Amino acid sequence: MLKFGLLGEKLGHSLSPLIHSLLWEKLGRCAEYTLEEVTAQDLPSKFKNFGQEFSGLNVTIPYKTTVMPWLDQIEPAALAIGAVNTIKWVAGQSYGYNTDYYGFGRLLAANNIKVAQKQICVLGSGGAAQAVVKYLLDQQALRVVVVARQQQEAAGRMQHLASPERLLFTSYAALPSTSLIVINCTPVGMYPQIEATPLSQKDLAQVTTVVDLIYNPAETLLLREARLAGKQAVNGLLMLVAQAAAAEEIWLGEEFSTEIIEQVTEEVAGGLR
């Protein structure tokens with residue numbers, strides 16, 4: 001039986017095993033998916049043996065960049081983003097990919113969110129934010145404003161993606177008021193800190209669409225305030241399922257339709273209610 005897993009530091013509440021199980025069920029396939037909690041100290045030695053145990057791994061925080069120097073090949077998109085969240089082993093060789101990029105694209109498409117020629121505000125600068133920014137720029141966003149506490153660090157990771165005219169870095173204190181779309185890539189508002197929000201209602205005045213990559217709770221305080229103000233409000237669950245499906249496509253070579261991804265998203269959402 002093929003074996004896959006999720007590599008991270010703290011994985012107690014991960015939905016990944018359930019999502020991959022449901023995806024395999026749709027294909028009539030059977031495989032094993034485990035959670036691999038590894039400390040930063042143990043990671044280098046353990047990683048050397050993963051290729052003998054696993055056909056593929058998903059990678060989550062805080063190791064999306066850590067594993068990159070240990071891989072034999074990395075796809076161009078993942079190199080540009082600077083983060084890997086999916087690994088495949090073939091004949092002893094390791095290959096790195098970033099399926100957050102594709103998952104985010106499917107989330108936008110499923111909700112008919114158009115980003116071309118719009119100014120978009122991205123909150124956060126971690127691995128998920130880097131994938132989001134890369135996708136937005138590739139889809140011809142007019143300008144992407146990254147809001148981060150550590151602006152210089154964020155710029156160091158992402159400024160190669162576009163010219164300074166198209167990719168800006170700022171602080172929460174200097175939040176632009178002209179962005180039509182806001183995408184939260186921070187953990188602010190995630191369970192159990194469900195009464196926290198990265199933005200105030202005033203910050204959302206000119207915004208038409210708010211996307212929060214958090215999926216637990218299904219409606220964060222940020223999304224609730226956006227919805228009550230008449231904005232389009234979308235959580236990140238479909239992105240989570242879509243990036244998992246993209247990983248499966250890499251591992252198994254079988255494609256998942258949008259219909260299957262939406263079905264699995266609904267099934268997972270039912271368990272979160």
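Every residue, even glycine, has its Cβ placed from backbone N, Cα and C.
Automated prediction, rather than curation, is the source of TrEMBL annotations.
Remember, it's a predicted structure, so these values are computed and weren't measured experimentally.
For the NADP(+) site that TrEMBL gives as Gly124, Ser125, Gly126, Gly127, Ala128, Gly236, the extra residue drawn from Leu107, Leu108, Leu213, Leu252 is Leu213. Between the candidates Asp42, Asp100, Asp203, TrEMBL assigns the shikimate site shared with Ser14, Leu15, Ser16, Thr60, Asn85, Tyr215, Gln243 to Asp100.
A Cβ distance under 8 Å defines the sequence-distant neighbours of the domain 'SDH C-terminal' (236-264), meaning residues of its chain 6+ beyond its ends; these are 2, 4, 15-16, 19-20, 22-24, 26-27, 29, 55-56, 58, 85-86, 88, 97, 99-100, 102-104, 106-107, 109-111, 211-215, 218, 272. Listed in sequence order, the residues of the same chain lying 6 or more apart from Tyr215 (shikimate binding site) and placing their CB within less than 8 Å of its CB are Leu15, Asn235, Gly236, Leu237, Leu240, Leu272. For Leu213 (NADP(+) binding site), the nearest of the recorded positions by C-alpha distance turns out to be Gln243; the candidates were Ser16, Lys64, Asn85, Gln243. Counting other CB atoms no more than 10 Å from each candidate's CB, the binding-site residues Ser16, Ser125 peak at Ser125.
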